[in-house]
Each structure stands twice: as C-alpha cells, then as structure tokens.
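Enquirer: Please find one structure pasted underneath; my questions will follow.
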Amino acid sequence: MAAPLLLVVLVAVTVRAALYRSSLAAFISERVEVASPLNAWKRVVEGLALLDLGVSPYSGAIFHETPLIIYLFHFLIEYAELVFMITDVLTAVALYLAIQDFNKVVFKKQKLLIELDKYAPDVAELIRTPMEMHYIPLKVALFYLLNPYTVMSCVAKSTCAINNTVIAFFILATIKGSAFLSAVFLALATYQSLYPLTLFAPALLYLLQRQFIPIKLKSKSFWLYTMQYAALYLCSLVVIVCLSFFLLNSWDFIPSVYGFILSVPDLTPNIGLFWYFFAEMFEHFSLFFVCVFQINVFFYTIPLAIKLKEHPVFFMFVQIAIISIFKSYPTVGDIALYMAFLPVWSHLYRFLRNTFILSCVLIVCSLLFPVLWHLWIYAGSANSNFYYAITLTFNIGQILLISDYFYAFLRREYYLSHGLHLTRQDGTEAMLVLK
C-alpha cells in the first residue's frame, strides 16, 4: 500500500507546486471562501512585519493567529510554500495510518460480535469484509490530498491547513490509544482555533473503550480515567499558553485570538452563517445572538455523546463536521477535513437517501461562490443577499449531508441487531423511521 500512497502524494505535491507558479495563486489567496480574517496569509505577513519592527503583532486589528504560528513562520517565511505542502502530506499520512488502525479495530469488534451471536441471522450482506476495507485508508488520503478545497487552501497558504494537521495527529494518537499524545494534540488544536475543545468527548469515549473501562457514571474507573485525561489535556493547554506568553511577554494574544473568534467583530463575508446576520442586526441585540450562534458548536456534543457512546469515531466525524459548519470564520479547508472521512463510511451508501442531490448542491454552490461575488463586488449588478443566499444553501447542503450519514449509520446499526426484514405484530412489512 505504500507505493499507491506515494503516488498520490507525488501527484498532490506536483499539482500544488504547479499552482504556486501559476497566475491562479494570487486569485485563490484573495478568495473569501479560502482565507478568513483568522487564517489569511497576508495577515500573517502583516504580523511578521510588525514583529520585525519590535511592535506586538496584536497591537492592531489585523493579526489574529496564535503566537506559535507567527514564530514558526518567523523562521520559515522563505520556505512557506514547502511548509504548507508538507503539512498537507503529513495530514494525509496521519489520516491514512489512523484509518488503517481503526479498520483493524472495527474488524476485530465485528468478529467478536458475530461469535457472540449479537447480530441478526439475515444481515450477512451488511457484514464488512477485509477486502472492501483494504483500500479505505488510501481513499481517505486521496480524498484529502486531491480535494479541490484542500488544494486551494494550500495554494492560498491558509493556516487552516496547519490546524487540520494538528487535528489529524490528534485523531491518529487517539486511535493508537495514546492518551498522552491525544491530550497534547487536542490541547494544541484547541489553542489554535478553540472549537476542537468539543472533540474531548469522542476522544475520551474511544480511549475508555480501548482500556475496556465501562462507560457508566457510577463507575470509579470511569471517573478516574476521565480525570486523568482531563488533567493531561488541561496541563498541556496551560503549558502551550504559558509558552506563548514567554514568547511575547504579553497576554495580548488572548483577546486578539480567542476574543476575536468568540465575539466575531470582523464581518468580512465568508462561507459561514455569522457575517450577514450580524451585519444586519441592531448593535444592542448582537451579544445575545452571538451567544446563540456560538452555542451551536457546543450544544450537540452531549446528545451526540449519549447516542453514539459506542461509536466514538463516527461521533468524532460528526463533531468535526459541526465545527466546520457552525464556527465563526469557516473556510473550505475546514470542510476538506471531514470530507476526507467519507470513504470510511462507504458501507452506509446503500442507506443514504439524498447523496446525488446534495452532491450537486455542494458542487453548484462551490462554482457559484466566485460568480455571485463578482456580480456583487465588481459588476455591481447584485448585492450581499445573493452571496449570502448561496452561502446559506451551501451550509444547508452540508447539514443535510451529515444528517443523512447520521440517519444511515443508525439505520444500519438497527438492522444489524433486529434484522433487515422488519415486520409488524400482524405480520405486515414494517418501515424504519428515525424520530
């Protein structure tokens, strides 16, 4: 499998290198779908210029990245293109290795459940085979490296690519069962963009399963392990934040990075749900609705943890998708990360209801983004309503796609336990409905 992966990596690097040398690079880097006020490369360059002049990069309202990022590029600014290509490759390799291990765990669990006679007798066609799972890690790497969203994010030198790499290594460490590395990478991901805090729950559930600790609130071992993992996570986060303070000798980065993410003061158009809504809102209502919008990312974590406590990796996939949809400054690079996981759930395709329609919606919206932007900003023949309409359609498409996968996953799990051919008490055929 190493040879096909190497071929995919070579193709991906070649495509990126060619685009870096083309006239498209400048166009892509200016696209609001690819770069946000948080992760735009030109803002990193501005921050570096201020740092070189001996001025705090957080003294103005331009730079909103973390101190570790600015110090990373302080030394590697000449090799920025290479850094972003390497981060994409590292992300793909980390996901490849993570899914390889995950497939082994899935197959062992499936074999055990078959031996324990936990599956219904007529579900042989739903049982996954090693042959169909063999190429899934390669498909995941392919979906990430050659996804146009990932390519554009890399060419624009959006720091979202670095966030994706950190999250990919967090996923790899979690699936490998390393609580320490999982906590460290989760702390680093939280430090970078705050929202990965919600990935604490699926990571903990997976690690508890790896340790064969029952997920029961009355269990002492459950609470002991939870506190250990939480302590590792919090200690790692404190160390990273303190390191940032020592680098800058100032706490200015906290309001400039995390305050900026939470309060959403910059209403530059993007593919998110915040900008238009708050641009049209009266100032005295904004605090309440900022809280309402921000809580969306965190609100679904507990119900999903209850429903998917036996399936933490699927929970992680759904949570990453929720973050990419409901965060305050999303870009297409965020979407590319959860889309890379779609081949992992290829066994759900038979239960999906609207795949073709939703795929068309996402593709058409992606193509219409630059068209409607041009009509609004340059031609003057449209207004912000047109651009926000396509943004809203794009996000609704994503929500329906994730809902479809969620329904398909629960439906397959139900069929495995109760059989494919469901009947009512009177012997007539029953239909499975998700409520």
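Here the Cβ of each residue, glycine as well, is placed from N, Cα and C on the backbone.
This is the feature table in TrEMBL:
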type: SIGNAL; residues: 1-17; note: signal peptide
type: TRANSMEM; residues: 68-99; note: transmembrane segment
type: TRANSMEM; residues: 166-187; note: transmembrane segment
type: TRANSMEM; residues: 193-209; note: transmembrane segment
type: TRANSMEM; residues: 230-251; note: transmembrane segment
type: TRANSMEM; residues: 257-278; note: transmembrane segment
type: TRANSMEM; residues: 285-306; note: transmembrane segment
type: TRANSMEM; residues: 312-344; note: transmembrane segment
type: TRANSMEM; residues: 356-379; note: transmembrane segment
type: TRANSMEM; residues: 385-407; note: transmembrane segment
Enquirer: How about the transmembrane segment (285-306) with the transmembrane segment (193-209) - do they touch, taking at least 3 C-beta pairs under 8 Å (6 or more apart in sequence) as contact?
Expert: yes
Enquirer: Which residues of the chain, 6 or more past the ends of the transmembrane segment (312-344), have a CB below 8 A from one of its CBs?
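Expert: Counting only partners 6 or more residues beyond its ends, the transmembrane segment (312-344) has Cβ contacts under 8 Å with 33-39, 91-92, 95, 99, 102, 136, 139-141, 143-144, 147, 149-150, 152-153, 158, 160-161, 163-164, 167-168, 171, 174-175, 193, 195-196, 198-199, 201-203, 205-206, 209, 261-262, 264, 266, 270-274, 293-294, 296-297, 300-301, 304-305, 366, 395, 398-399, 402, 405-406, 409.
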Enquirer: Cβ pairs under 8 Å only, please: of the recorded stretches 68-99, 193-209, 257-278, which one is richest in them relative to the transmembrane segment (385-407)?
Expert: 257-278
